[in-house]
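As written in TrEMBL, here are the features:
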- 58-135: coiled coil (COILED)
- 400-424: transmembrane segment (TRANSMEM)
- 444-463: transmembrane segment (TRANSMEM)
- 534-555: transmembrane segment (TRANSMEM)
- 561-587: transmembrane segment (TRANSMEM)
- 658-678: transmembrane segment (TRANSMEM)
- 788-811: transmembrane segment (TRANSMEM)
- 817-841: transmembrane segment (TRANSMEM)
Amino acid sequence: MGAFFRSEEMTLCQLFLQSDAAYACVSELGEMGLVQFKDLNSDTNAFQRKFVNEIMRCEEMERKLRYIEKELKKDDMKVPDSDSNPKAPAPKEMIDLEATFEKIESELREVNTNAEALKKNFQELTELKEVLTKTQVFFREQSGLNVIEDAQNALVQEERGGTAVQLGFIAGVIPREKVPAFERMLWFACRGNVFLRYDEITQALEDPHTGDEVHKGVFIVFFQGEQLKSRVRKICEGFRATLYPCPETAQERQEMLKGVNTRLEDLTIVLKQTKDHRHRVLVSAQKEIHNWIIKVKKIKAIYHTLNMCNFEHSRNNLIAECWTPVKVLDQVQDALRHGQEMSGSSVPNILHRMKCKETPPTYFTTNKFTKIFQSIVHSYGVAGYREVNPALYTIISFPFLFAVMFGDTGHGFIMFLFGLWLVVCEKSLTSSKNSNEIFKMMVGGRYIILLMGLFSLYTGVIYNDFFAKSINLFGTSWKFNYTQTTLDSSHSIQMKPEDMFDNVTKSAYPLGLDPIWQASINKITFTNSFKMKLSVILGVSQMLMGVFLSIFNHIHFRHYVYILVQFIPEVLFMLCIFGYLIALIFVKWITYNAHCASCTPSILIHFINMFLMKYTKPNMTEAYNCDMMSPTGPYVQKQLGCDSQTIFYPHQQEIQTALILVALLCIPILLLAKPFILRAQHNAKMRRKQALGATSHEQLVNNEELEGHELKSGENGKTGIEMAGVSSSHVAVAVSINGGTGQTAVTMDEHEEEEEKFDFGELFVGQAIHTIEYCLGCVSHTASYLRLWALSLAHAQLSEVLWGMLFRAGLKMDAPYWGGIIVWAVFGAFAVLTVCVLLVMEGLSAFLHTLRLHWVEFQSKFYHGDGYLFDPFNFKEQMDPTLEDK
């Protein structure tokens with residue numbers, strides 16, 4: 001839990017990897033997934049890096065794998081799901097993979113080309129068969145006439161002494177959707193001197209290129225003369241109609257049809273064999289494509305990482321810098337040693353820690369339960385390095401505040417069951433390939449749904465709400481002494497607590513609200529007052545908790561002066577105003593009862609009068625004691641002179657005035673103390689440096705003697721470490737060769753960090769903004785927590801309206817025979833609206849409001865959220881066997 005309270009301690013390491021072992025070492029670090037590499041070649045073009053050729057080879061392999069995957073999808077064959085995690089292959093194995101992919105791709109392309117040519121030939125023969133068949137029908141005599149005679153009668157007038165004229169014809173096929181336009185074009189272009197017959201092909205044809213179904217029809221056009229023949233051919237070409245030769249005699253057409261049928265049978269056999277061969281190739285590829293994709297993605301990721309390293313030609317090694325958690329340094333060293341063994345290198349790899357000025361990344365160790373709560377915090381902003389993590393408290397506060405707004409035992413139970421189902425079936429649900437984003441989001445938040453339902457069960461018990469009805473488990477503590485006649489004759493009766501509350505044999509209702517309030521007319525008045533005060537108490541308590549959490553940040557980062565000039569004023573300001581408001585609420589709840597209800601103070605009016613310095617005193621000091629107005633007490637309200645606006649405890653005016661003064665005094669301290677103290681500290685530090693006689697920071701560092709070792713100068717005055725490629729801005733504190741305890745180790749001191757620039761104006765403006773935000777935020781954020789009351793009221797009223805307008809109305813219907821069906825239908829509508837409106841819509845609304853309360857009201861008191869996430873080089877990201885199209 002300590003690692004969840006703050007982020008993991010990170011360290012910047014420098015790796016010296018031998019060229020032969022670099023690939024294997026990075027592969028092992030990727031399998032471990034706890035090292036984030038820095039790009040040391042950010043100024044270098046991607047095409048100028050060392051391993052660009054290898055990456056291009058990987059992209060070519062990915063292209064071939066995408067082609068194979070596309071061919072699998074054409075045959076409705078999926079990439080098999082597998083839990084296998086193959087290791088990244090050695091660089092030498094890339095050649096074998098490339099040869100395998102090249103062979104499969106070329107084979108598939110050849111098969112596809114041959115299949116496409118065969119399908120095209122098959123389509124042409126099928127169309128020719130249809131043309132021959134349809135034209136045979138066209139030319140067949142019917143009722144003593146045939147199509148030739150029809151065409152002659154339509155096109156040729158009986159001139160020339162009744163001599164018959166010889167007509168020519170063209171036959172072919174055309175897409176069905178082009179027929180109307182084709183017919184009109186023939187008519188207008190040939191001026192009606194052609195005769196068209198058309199018949200649709202009943203069987204859909206397959207496009208050899210796309211495989212889609214195409215609907216076509218056979219046409220035959222009769223004309224007279226070569227000029228019309230040429231014109232008809234051009235029109236057919238324009239409409240992409242396919243023309244086929246058609247003999248004029250029936251015998252020739254019959255012989256041609258027999259030849260076409262024979263060729264179609266042969267093509268069918270060849271196409272089947274081609275399809276079987278293609279299927280065998282795809283089945284063999286399907287078995288291995290999952291592992292192939294993961295292997296190629298891992299190889300590409302390794303070379304991308306190696307491109308982030310510097311290459312030292314003189315020593316033939318790679319220099320890398322990386323962030324890693326301190327607690328896994330031993331695992332990193334073991335991975336380097338294992339990588340050296342795998343590569344067969346005899347030269348050890350070197351790892352050493354460095355201290356630098358750069359802010360480390362933020363890394364929290366989460367599990368499947370805490371991951372969703374950490375994600376909620378990260379949606380607002382990533383915690384700064386070693387900053388207090390709000391997610392630890394969000395685990396409890398988030399579902400609890402949600403339940404305050406969603407308090408209903410019935411609704412909470414349904415939500416709890418849904419969350420429980422998601423948790424029980426999490427293994428199958430998370431492994432399923434469901435593309436529904438909303439469902440995937442709910443599966444990811446299964447534990448928070450479970451907790452929200454569980455906490456809503458509890459708050460529903462406190463509110464005593466079960467689908468807008470109360471449950472009388474322990475018996476009401478109220479009793480009435482009205483007769484049955486009075487009850488029957490009265491529309492409403494009044495139950496005075498001093499007379500009808502059983503405080504002798506029974507105490508208050510043991511758990512939650514008394515069920516008698518469900519039947520009362522003033523239920524909303526009572527619950528509103530209760531929930532409003534409860535919202536203020538919860539809100540101020542959570543904000544105070546946020547302010548108190550800030551002290552852990554001040555202590556950890558050694559900002560001890562912030563405790564005096566920022567933390568204490570903030571706590572005093574909050575306690576003097578809103579802490580006092582909570583105290584008044586509890587005093588009112590504890591000290592006042594029904595006997596002195598007329599003198600019960602109005603908390604809101606007293607709080608306003610506190611700032612207006614307006615006070616009204618009672619006639620007698622005995623008014624401060626509620627027992628003085630009890631039935632056995634000596635005074636009545638008129639004698640005491642008390643009401644809701646008079647002060648109700650001794651020295652109230654002095655105490656409230658002192659609290660106001662303390663709160664006002666905290667504002668200038670919060671505004672001015674921190675900037676001026678930091679300025680004084682900065683000036684004192686600069687004076688100390690000047691007193692040492694150093695003219696610059698570098699001169700002060702260079703004059704100091706390093707302890708415990710002596711750095712030998714090399715060429716051009718560089719030290720041995722600088723010649724090895726260590727950045728001058730980073731200085732190592734420990735060097736370890738493969739993590740071995742018995743091998744050479746070097747220790748160096750850290751150079752003094754460069755002094756940060758101090759800008760007093762910027763600091764003062766920032767502190768002024770913080771002061772204004774905090775002081776005004778205390779007021780606005782306290783008011784913002786009233787949404788707990790508002791959402792709870794809205795949820796309860798919606799539930800009550802839904803019950804009254806649907807279910808109660810259905811139960812009141814007087815239908816002896818149809819009553820059961822009506823109640824069943826009404827219950828169905830009630831259940832659907834309950835789930836859709838009260839659970840989904842109201843639940844989403846309460847969830848969003850809870851997010852707002854945590855992000856703005858709670859986290860703003862201590863959480864900066866200015867860090868960046870630890871993004872390790874991890875092969876788990878390559879486990880998804882999908883390839884994005886480039």
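Cβ from N, Cα, C; glycine included.
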For the transmembrane segment (658-678), distant same-chain residues with Cβ under 8 A (at least six beyond the ends): 561-562, 564-566, 569-570, 572-573, 576-577, 580, 610-611, 758, 760, 763-764, 767-768, 770-771, 774-775
Paired segments the transmembrane segment (400-424) and the transmembrane segment (788-811) in contact, 3+ CB pairs under 8 A: yes
Segment-segment contact (the transmembrane segment (561-587); the transmembrane segment (534-555)) at 3 or more Cβ pairs under 8 Å: yes
Folded-back contacts onto the transmembrane segment (817-841), same chain, C-beta under 8 angstroms, at least six residues removed: 408, 411, 414-415, 467, 795, 798-799, 802-803, 806-807, 809-811
Intrachain residues whose Cβ lies under 8 Å of the transmembrane segment (788-811), provided they are six or more past its termini: 401, 404-408, 411, 463, 465, 467-469, 524, 527-528, 531-532, 534-535, 538-539, 822-823, 825-827, 829-830, 833-834, 837-838, 842, 845-846, 849, 853
Local confidence of the prediction over the coiled coil (58-135), expressed as mean pLDDT: 90
